[in-house]
């Protein structure tokens, strides 16, 4: 194998640039030519591909986002789009591909693998919702961003003696809400995987006030329902005044933490090593801090479950 391509797809996450840097430098170190594919699978179809040098990835390890840009491609879901992308790679003599993204990106990667192109997936999403890996690139940074926001909001919640509902990302997976709820000392955490009882949420708030609490923080994952609806429900049912903050896309941006830089660097280098070793149709997962290749089919056959121990712990510590 002499030429490898790399792309980022789907939602961006802090640490992707560290991964790209590792792919390029590890590849060049091993005597390979590395090609960057811009704008994800859309760029693959449109031929937005160029050779990357060591200098192409200088001064990016500390930057959020992705220098290769990203997108979601409906065209690549079609056989014609997949063939077009495959042909563009073959025309340039690219013999392997590294795809950085989430499960949707890996489904696109698997299609190319089935067409005969060696492909390795690297998990990158702030949702940390990919099965068969304990951590995905960007989750730690997003978690710290949410914690910083909680700390700041708690200051004003204390000053005004008020309830704040904070909506965080997590359409189908509540890991970001769950972990930030525990680390941020939230009074209640609502996630998509566990049905909530508003009466119990209100009871917990009132119990806190009886003990002398002057403010409360409720973390809600966007997949439960909009934070504004939760706030309205609390007001209508219990007459408790509250404010709602939607953190939105601020959770995706910003300087990656040391952890995400390390994780991205390790995963990127490992992806190159696997391609050179003849591996394909796999994602690199992490278990007990060790990197483990996992077949795409095993990733797709499972649903990421929340850590119920963390949920129980969060509940018990927020009394």
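Cβ atoms here come from the backbone N, Cα and C positions, even for glycine.
Per Swiss-Prot, the features are as follows:
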BINDING   11, 72, 73, 102, 103, 104, 105  ATP binding site
BINDING   21, 22, 23, 24, 25, 154, 185, 186, 187, 211, 213, 214, 215  ADP binding site
BINDING   103  Mg(2+) binding site
BINDING   125, 126, 127, 162, 169, 170, 171, 222, 243, 249, 250, 251, 252  substrate binding site
ACT_SITE  127  active site, proton acceptor
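In the three-state DSSP reading, residue 21 (ADP binding site) counts as helix.
Classification of residue 243 (substrate binding site) by DSSP places it within a strand. The two recorded residues residue 125 (substrate binding site) and residue 105 (ATP binding site) have their Cα atoms spaced 11 Å from each other. In the three-state DSSP classification, residue 103 (ATP binding site) falls within a helix.
Between the binding-site residues 73, 105, 125, the minimum number of other C-beta atoms within 10 Å of a residue's C-beta occurs at 73. In the structure as shown, the Cβ atom of residue 72 (ATP binding site) sits within 10 Å of 16 other Cβ atoms. Here residue 252 (substrate binding site) is positioned 16 angstrom away from residue 72 (ATP binding site), judged by their C-alpha atoms. The number of other CB atoms found within 10 A of the CB of residue 102 (ATP binding site), across every protein chain shown, is 23.
Between the C-alpha atoms of residue 127 (substrate binding site) and residue 11 (ATP binding site), the distance comes to 10 Å.
The Cβ neighbour count for residue 215 (ADP binding site), using a 10 Å radius over every protein chain in view, is 19. The most densely surrounded of the binding-site residues 103, 127, 187 is 127 (count of other Cβ atoms within 10 A of its Cβ). Counting every protein chain shown, the Cβ of residue 25 (ADP binding site) has 20 other Cβ atoms within 10 Å. Cβ neighbour counts within 10 Å, taken over all protein chains shown, single out 252 as the most crowded of the binding-site residues 213, 252. For residue 252 (substrate binding site), the nearest of the binding-site residues 11, 73, 187 in terms of C-alpha separation is 11.
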